[in-house]
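Features as listed in TrEMBL:
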TRANSMEM  A:12-37  transmembrane segment
TRANSMEM  A:49-68  transmembrane segment
TRANSMEM  A:142-167  transmembrane segment
TRANSMEM  A:179-199  transmembrane segment
TRANSMEM  A:219-242  transmembrane segment
TRANSMEM  A:254-272  transmembrane segment
TRANSMEM  A:318-350  transmembrane segment
TRANSMEM  A:362-386  transmembrane segment
Protein chains: 2
Amino acid sequence: MLDLYIKNLTFLFKWILITSVIGVLAGSGSALFLFSLEWCTNYRLNNPYVLYFLPLSGLLIGLWYHFLGTNVAAGNNLIIDEYHKPKEIISIKMAPMVLITTLMTHIVGGSAGREGTAIQMSASLSDQLSRMFKIDSFDRKLILLAAISGGFASVFGTPLAGALFALEVALIGKISYKGIMVSFFAAYFSNFVCDAWGIHHTQYLVSEVPYFDLKYFPWVILAGIIFGITALSFSKATYIFANTFKKYINYPPFRPLVGGFVLLFFFLLFDLDKFQGLGVPFIEASFKNIETPQVFVLKLLFTAFTLSAGFKGGEVTPLFFIGATLGSALAVFMPLPVSLLAGMGFVAVFSGATNTPLACTFMAIELFGAAGGLYYGIACVVGYIFSGHSSIYSSQLIGEAKHPFFDFLKYKSLKNL
Amino acid sequence: MLDLYIKNLTFLFKWILITSVIGVLAGSGSALFLFSLEWCTNYRLNNPYVLYFLPLSGLLIGLWYHFLGTNVAAGNNLIIDEYHKPKEIISIKMAPMVLITTLMTHIVGGSAGREGTAIQMSASLSDQLSRMFKIDSFDRKLILLAAISGGFASVFGTPLAGALFALEVALIGKISYKGIMVSFFAAYFSNFVCDAWGIHHTQYLVSEVPYFDLKYFPWVILAGIIFGITALSFSKATYIFANTFKKYINYPPFRPLVGGFVLLFFFLLFDLDKFQGLGVPFIEASFKNIETPQVFVLKLLFTAFTLSAGFKGGEVTPLFFIGATLGSALAVFMPLPVSLLAGMGFVAVFSGATNTPLACTFMAIELFGAAGGLYYGIACVVGYIFSGHSSIYSSQLIGEAKHPFFDFLKYKSLKNL
């Protein structure tokens, strides 16, 4: 027992040291990213003509990744692959490339998110510390875990969700506590550092949470199923768009160029500025007013299309958008407050699309407060089950199938389904 | 994919049905238990002479279990054993026996808790549904999981914590999501049913949560380590007392008789009524005023002694007491608010003693609010790591060792360490 104590204390101090460094890297990276993203978004809003640069920006992103970034183009999937099957240190190039190309996506109005960028910056910077260790060692695994946790925690200002996201994301349906302390520490430090840079995160208001009466239970389940199917649809749409691009456009840099023209065409023709960029103000609005159903469908299509074409950024904020506006639309016939449904959708679509129900439950509590905890938890769990064996991260492995009948899928990668 | 959907929907409806029945059993059981426990506690407070019945009550409990209850005496450990290695349906006797003997423990002032009783009542009633299934089937496993979740959720009024507790408790350091939906549903239904009986749960007030500045981080870590060591000490003390009783008193029913005399002696000699029964008012007080360190030490010894002697009840409320008064005592030299430290100790000692850090983090959020989430999370995780390979449930298996060096302990039972 004394032996365990000495080992635990050594482990503790070693990882406080390492995660505090990762916290500085991840937190500062997220702060820089969020600051410049805000600048880009404001610039776009004040200078609507930038929209015309969508195709050009796409071409430049495409060319850059084609000639100088093939080894980092897989993004989050590369990080998950390295976690499962370590091959080499993630290139330091990944951080500036994903940062700049994400900004290039957002400034011209591409529909994309943030978490992918934050996690890739964090992982590419933090993984340089792995040079101290063997590439396939447990220490390296923990560094990647801490990098994911830190990137996520700091970009959304939700440390508990970040810690759980890193624990949940690599393996579907199973958590191991081997890295639990490291994940919590990295989340704490990176969030603290990002705060210290003066960054403020968006607050969403769930204004009313009724007592969770039995009469609401079927509605929460039904909403959860709808959120899960929507998450699945998003993953499938991304997959279909990406395959179509690959099939018809051989030369990769031309894909975002053509994609840019298509996006521009629709944005101009139908005056759809709501679907450009992050769309945070529209997410906020969906907590107050009931949305029409086409909003979430269009956002789903625009985001899947933007990212499949080869533009850069994360999927998560668009998933928040899709989920919140879908939840909001459900308030037309569901007897639950619109802000609560929007909050449930916000996290549950994300839960289904990334297979991280506990991270999403914590996220809801951190963003919307503890009162609706059980609503969010059940919506996230049902959303998780009903997204099937799909994910926005094709490198996830199945740790436990979503129904015991499918146990034969265990430890298969979603890529190979 | 359609195949998975049909299977998931069938699974969903089947388990909504089963967990709603378990919810009625678990929730009503907890309601009956909490109602009669309150009556017993009030009776004891109004009639202090009942204390003199400690030895007699102990003898009766001992005789009852010796002659009619050997197959249910293992309590929570029996349930965990059945979960891992199914042998037979848990006897329906367990429910009334544990209910009545727990009340017999509390009415005479024994220092004990509630969760063990609630979980055993829930499991013994719910497991009768297992007659529909094969004893070693996955369905039976889910019934036990739902029973644990429902018992815990309803007795404390904390559904998210109950759902996670059931997922975490059988295997240390690993969670599988195979039963995640069932666990959440059972927690919801049982909590709803217990509420519907008009039961109110104690609310604790964490009145001040400062911004989690870097200067607090070392204190939170140190507190977490102290909470973990305290959890370990509780488990060890129970083990030592139980072995001493076994060594010196051959006839089991005499153990609680002698134990009752010893408790009576100390209670009378030192006027220690603070340590009798649940002690909820003293837990509440520790959130307001700084405690002296001997309070938590004495509560630890009295509870370990009471339960080792063969009195009945849970360990969790005393662990809350120990943790909250210890946390409160730490406010003498730690620069954190007394209510926050008490709240951290409340959950983190429990986390270390049961190896359920996520359940405890959720519990803190459900009881004290979301503001201090990260404080509770880090305290619970560090408490978990620093309680070592110990537990109040000796039937827990090690899923992941708490330090990679101890990987050879994997899948060993704590009994065999």
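The backbone N, Cα and C atoms fix where each Cβ goes, glycine too.
TrEMBL entries are annotated by machine, without manual review.
The highest tally of CB pairs under 8 A with the transmembrane segment (A:12-37), across A:49-68, A:142-167, A:219-242, A:318-350, is held by A:142-167. Long-range contacts of the transmembrane segment (A:49-68) within the same chain: residues 43, 93, 97, 101, 104-105, 107-110, 252-261, 263-264, 267-268, 276, 309-312, each at least 6 residues beyond the stretch ends and with a Cβ under 8 Å from a Cβ of the stretch. Beyond its flanks by at least six residues, the transmembrane segment (A:318-350) meets 111-113, 204-210, 215-216, 219-220, 222-224, 226-228, 230-231, 234, 278-279, 282-283, 286-293, 295-296, 299-300, 303, 356, 360-361, 363-364, 367-368, 372, 375-376, 379-380, 382-383, 392 of its own chain at Cβ-Cβ distances under 8 Å.
Under 8 Å from some Cβ of the transmembrane segment (A:142-167) lie the Cβ atoms of residues 15, 18-19, 22-23, 25-27, 29-31, 33-34, 79, 82-83, 114-115, 117-123, 125-127, 129-130, 133, 175-177, 179-180, 182-191, 193-195, 199, 201, 316, 354, 356, 358-360, 362-363, 365-367, all in the same chain and six or more residues away from its ends. Under 8 Å from some Cβ of the transmembrane segment (A:219-242) lie the Cβ atoms of residues 212, 296, 300-301, 303-305, 307-309, 315, 319, 322-323, 326-327, 330, 334-336, 341, 344-345, 348-353, 375, 378-388, 390-392, all in the same chain and six or more residues away from its ends.
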